[in-house]
Structure formats: C-alpha cells, structure tokens
Ligand SMILES: CC(=O)N[C@H]1[C@@H](OP(=O)(O)OP(=O)(O)OC[C@H]2O[C@@H](n3ccc(=O)[nH]c3=O)[C@H](O)[C@@H]2O)O[C@H](CO)[C@@H](O)[C@@H]1O
Ligand SMILES: C=C(OP(=O)(O)O)C(=O)O
C-alpha cells in the first residue's frame, strides 16, 4: 500500500499550484453518461478516485483518453445499465451513476458505494429522492435495482443538505418531464460546478449554491462536443494552507477561488497567520506558533468543512492553548487522533468532540493513514515534527491528492514515497 517517509523541517517556502477539484470532477465525469456525446474536460486531477471513475465508465463501454489534466470522454457506446460492482465499492462518487444511468437507460443495477470510512454514510436520501421522481428501487443480493416507472417532476425536501443526494437527484431530474424543485440542497461550490456543467450541456438548472435548486426537465438531442473546465480543489488548497500555517513558512498557493474557502482562511487568520490574496493566488505567512481557537464546528457549506477537520486538528496540535473541535457531519471522523497521539499530540475525544491541547513540538513516529484527510493530517503533523515520520497505507492519501510528493518537495519538504 506504500508509505511516505518525511523528515521534520523548520518551514515551507515556495509556490504550489492547486489542481482540479476531486469532488467536482467525479460527479461531472459521472454525468457524462446521461447524454451520448463527446466531452472535453479540463483540470481533471490525476488521482486514484478519478482513475477508478474512468475504469467504471470504460467497463460500461465508454471511451476515455486522459493526459495532462484533460479528459476526452465519449459516452455514445455505453452498453449496459449494470455498474461494475467491485469498482463501485471502491469510491463514494460511484453512487452518482445511479441517477445518471437511470436517466440515460431507464434502468440501473448498482452496489452500495465505497469511499472514506468516516461513519455510517447511508444513502436513504438519494433513494427517497429518486423514488419520489418515479423510480422503482428494490434491493436484491446486496445490489440496488432501479427502474424508471412514472417519471414526473416534483418538489423534494432533503432532511439534510447531503452533497451526494443533491447530485444524484440533479443528474436524474435533468431529463424528467416537468419541474423538479430541491429544497434544502447541499450548497457546496462543487454543486454549483455540476449545475454549470449540466447547463453547458443544454439542461436547465438554477439555484445551485442557494437553498432551492430548480430543474426544468429537458430531452437533449444535441450531439455537439461539450467542453468544460473543472473548478480548483478548495480542500487541496486548504491542506497546503494548514501545512504552511503549522510552521514558520511563507508560501504562494496558486489557481484558487478564494471565495470557496473563506471559512478556512478566516480561521487561520484568527490563529495568527497573515493571509493575502492577489488574483487567483493566496500568500500565507506564519512567523510563530499558532494561537489555539476556542471552538471550531464542522458544518455543511458555507461552514467549516468536515474535509478540513483532520488537517486543522494537526495544525492545532502544536498551537498555543486549547482548541475544541466538534465534528457534526460524520459520526466517526476522528481515526487520525490515535495516530497523532503516537506523535505526542495531546488530544482527548468525547464522542464527536475533540479537545486539543497544543504541545510545543510533535515527534516523528510510525503511523497509519486510515482515510484520505486523516492521512493528510499526518503529513502536516510530520512536517513540523522532530525527527522522521513514516506514514503507512498512503493509498488513501493518493485517492485525493495529485502529485503530493512533488508538490511538497517543491515547498522544501524532505519526503520520499516507498
Ligand atoms: C465524493 C464527495 O463529494 N464526497 C464528499 C461528500 O460526501 P457525501 O456525498 O457522502 O456526503 P453527504 O453530504 O451525503 O453526507 C453528509 C451527512 O449526511 C448523511 N447522509 C447522507 C446521505 C443520505 O442519504 N443519508 C444520510 O444520512 C451522511 O451519513 C453524513 O453524515 O460530501 C461530504 C460532506 O461535505 C464530504 O465530506 C465528502 O468529501
Ligand atoms: C470524504 C472524502 O471523500 P469521499 O466522500 O470520496 O470518501 C473526502 O474527500 O474527504
């Protein structure tokens, strides 16, 4: 599964270029199956999850070429409504194919999805939404079998602003006759990107990023090639920001949309970092030990993202004072805590609350990455630790970070992948 070996250092310096957003690219790639045509997608990150999504589409008959961040996808020869089970179980976004394949073929056969093990992660809201839109769904031998029966636009109110459920409903509803309205949808920038992409394809969606999304069902006949550029990854940007903030550093983070991660930058400013923005670039400077933040609670967008909780915790592990971190989005997202403790962090958890008492410095140790962001948190902890850290099981990290080793090396980090 591979390991990173990281030498603790005194600080980061240099420039890092942020790649395309994992959580925007995956549903957009999935949505190319809805309409049989060719697509040219730019800024697709070179990460394991994207490779798995390509494998799924390829297995279903689509043609894919990928080079230098550009994917050419041809979905005209999709030849099945059965989504390959093994691959579906590897990644989270595979479930979005449920809505997309149903819209294309009227049927779907799909397993429960994989992704980070950070809690229960049910898909009841996805299924409830699709059923309301006229899809019959039964479960057989662990597979979900969906058939379009009476498609009709309707009002759907989500009990929770689930990212995946919002996307799945959008992908199916684009071609459902009539008007579908989603109340309390997820408002993440990745949902706005999905709306923008679908509208360029010719569909009619409005309201993404607000509390109501409206979809006018349309039957697209166009075969014209669609070109689209994916937004940059706010969580990747936030991860480099956390890394720089954890030590005496000055780095330039390029290719970002600052408005997408205000909740992250404002917390690091409160902790004592200097953050400036010029067009598309952030300069972050930290000249001393961070100040602890009294309390941070993860929330759906525009709140502080759960996907930054672990990295933030790693920063606060050496801050001056006590930080309380509450995880409200997922029920089991503290698997990095015992690993940080092995490095000398003083963290206590009570249910979904972690109390982090900053220590002067962490020490290198052999630790294990249990999930994507927890793994990134261990890298951040290792950067400022005394001595060498070995992080095992880095598969999880490579699922979501493009050229992680090279980008860190460019910032002066001594890191090798073995
Ligand atoms: C590939 C992708 O885009 N992944 C992101 C997506 O995951 P994902 O789409 O899985 O996250 P959701 O927003 O759906 O989940 C948020 C919460 O809602 C619950 N829930 C969700 C659906 C459902 O049917 N029933 C239910 O109870 C989940 O268990 C969880 O507690 O959004 C999360 C929240 O921002 C991010 O951490 C993930 O990085
Ligand atoms: C939880 C994450 O990913 P996924 O939903 O793909 O497991 C993440 O990106 O932090």
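From the backbone N, Cα and C atoms, a Cβ is placed for every residue, glycine too.
Just so you know, TrEMBL annotations are computer predictions that nobody has curated.
Positions annotated as active site, proton donor by TrEMBL: 116. Contacts of residue 116 (active site, proton donor) defined by a Cβ separation under 8 A and a same-chain sequence distance of 6+ are given as 92, 371, 372, 373, 396, in order along the sequence. In the three-state DSSP classification, residue 116 (active site, proton donor) falls within coil.
According to TrEMBL, the feature phosphoenolpyruvate binding site maps to 22, 23. Less than 8 angstroms from the CB of residue 23 (phosphoenolpyruvate binding site) sit 93, 163, 188, 190, 233, 235, each of them six or more residues away in the same chain.
The domain 'Enolpyruvate transferase' feature in TrEMBL is assigned to 7-408.
Annotation source TrEMBL lists 2-(S-cysteinyl)pyruvic acid O-phosphothioketal at 116.
Selection of the recorded positions 22, 23, 116 by a Cβ distance under 6 Å from ligand 1 yields, in sequence order, 23.
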